[in-house]
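Working notes for the structure below.
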């Protein structure tokens, strides 16, 4: 897209969508075929189609790579969509769940549970059961994210909030919550610093069907809500007076949009940790591919989010194999330059 | 559809701007709201549009207080164009005009044939059909204003309220917008209420003039009856001559601000 070109190219937008949609199964397949343990493509196909094969192969495909890939796709789509919603709501292209304190709230929830589990007597049992602390992390992160969103929403004036106030309140709350996370970790987190640090980096390492089953109900709810709020959400980008004059119940739809974005973000952060920059960058990418066509942008945001997190996780698993680079680290490494590039191209 | 304000007290955050005002908006007429800056024109328009809740008194549409009907129902009866509307980044003209159909649509149901027909009509009526596929920022100020009016009339409300629809436009585009509104009033029977700064335009394009000063409605009626040299002196502190032209329309010619004229007459003495 060239800024001097007045007529928006609709065919170009559809071409972009087709490319993105066909990219999704390709990246998904690559995530199944490639990895630390070298499996031949034939083995993988056979295992996928028939469901049987060498026990080792079945385990790698069905227990490790498939749930992980599905989760990457969901987490990516959710974070990106939430970014799109929050950018529309605040009429600010820099908004995302990180800026509004939702990710920080989720992080604090998770850290509290892990640190708390170590200090409470009943908690020790939970923690001593090893892996099971990973089951408590998502729930705690979800609650933390929802509470942080409620706090930010309330402090910005509730139904009478203005977009600017929402952003400023969000930034302040995010700073405080992040400081609490660091403080908690520094004071009481010694024994668990490794667990928490790995989670805070944003990673899909070791995620299984169990995590996916935690995520799925929230994903289903969040994605359905994303569909339902689309039409009213478009009007949030106008001046308040115009949205109201068009018959929009502004307070209600602002609340529902924040609630949906929070649901999508908190559940994604809960299972994968706070992966940054997806919510910030992907909506801009979608806008670049389909300028002026908001419905397409919305759809592309979801798909591109999925593709990017899938690709990021794949690269993270391969570059340093058998070690892993957390997808959150890659997202920041790639996301920041991509964002700067997008900014420069915009007039 | 009748719109009226009864003894409304208006203001923002406890600061009263309009202490008490009652007005009945005449149906199917062009009404111009005039008065100096800060006299409460925008405040009154917002209250009439249901965007500002009166501290006391009520705004009624068909005798229902605005507070008692939902935003959606109100949007079917009344459209409002603010002074500084804002378009989302690179939105296409036809999509923006399509937002005017929002009160008719559900959460899932998109535009139906009827909606598309009306959006088409609205763009045609305002002369922006040719730019339907363009992003709004590629249009000139005058064209953009016509797109906003297209969005408002796509709402198919009988009452159209506009806050200074001509303020940021050049002379030619101002007249274009006013002619468009006049045509919509004559052909579609819209009741139009607009705040204007140019008295000649108010006189030429309205059937009814409301004059405000310091939060009060001090005169209303046909332009030729209401706009007089005395009134202009009182409201705007301008010494002017008002003459009725051959067309029967009123023309005001300013001699200068009242202060300047007083100084000059002092010197003459």
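Backbone N, Cα and C atoms are what each Cβ position is placed from, and that goes for glycine too.
Over in TrEMBL, the protein carries these features:
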type	residues	note
TRANSMEM	A:12-34	transmembrane segment
TRANSMEM	A:69-86	transmembrane segment
TRANSMEM	A:98-121	transmembrane segment
TRANSMEM	A:133-154	transmembrane segment
TRANSMEM	A:166-189	transmembrane segment
TRANSMEM	A:209-230	transmembrane segment
TRANSMEM	A:242-261	transmembrane segment
TRANSMEM	A:267-286	transmembrane segment
TRANSMEM	A:298-319	transmembrane segment
TRANSMEM	A:325-343	transmembrane segment
Interface check, the transmembrane segment (A:133-154) with the transmembrane segment (A:242-261), three or more C-beta pairs under 8 A: yes
Listed stretch, out of A:69-86, A:209-230, A:242-261, A:267-286, A:298-319, that has the most CB pairs under 8 angstroms to the transmembrane segment (A:12-34): A:298-319
Contact set, same chain, for the transmembrane segment (A:209-230): CB under 8 Å, 6 or more residues outside the stretch: 63, 67, 70-71, 74-75, 77-78, 81, 85, 134-135, 138-139, 142, 253, 256-257, 259-260, 263-264, 266-268, 270-271, 295, 298, 302
